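A.B. asks: I have a structure I would like to understand better, so I am pasting it below and will then ask my questions one at a time.
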């Protein structure tokens, strides 16, 4: 079955989802769902729309995410899916460029024995909670709340004093933007930060794998075609 074929009128879609038709109209007004229209302007929902609406229901009912949070989460999900598709397409193209010798040439990109990743200066824990709170124009109790919710994990000194890094400060600024500017509740922030981490990890994996395959191409004495850069 074609998941994108618009087949369900709003009453059937609402029944399948155990939602009121007005709820579906609200989600459409919020831009969370965009059903197709028939010639007579009747809303028609596809199987993919139904799946998306089930996920919105899970986020709102099971996780307690508000609609502002759902909007940001769905945007990040689309971004993640698009990056995954680009990753797979670019890797497949480079493997084809390498050709039949790919299996022979392929090797894991392992660090040399005893090598460890150099820590970023941004990860150095330097700010006590009072300084971090002042930098962020937040109350220290707000930072403690975010820690209890698992949104931030400051390091601890030998005396158990919380110490925040520059990366923690950046993350807290983003949490403030989501809550204050976009009106996302903490349940939504939690899911958004999880998706952001997933997106960053995929981006890093994408860049590392593409760089490795390009190196194999160079070792084979092949030149890359124009426009082969993955871009950001």
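Cβ coordinates come from backbone N, Cα and C, glycine included.
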A.B. asks: Have a look at 161-188, 189-216 and point to the one annotated coiled coil in TrEMBL.
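C.D. replies: Coiled coil, as annotated by TrEMBL, spans 189-216.
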A.B. asks: Kindly point out the range from 14-41, 42-69, 70-97 that TrEMBL annotates with coiled coil.
C.D. replies: 70-97
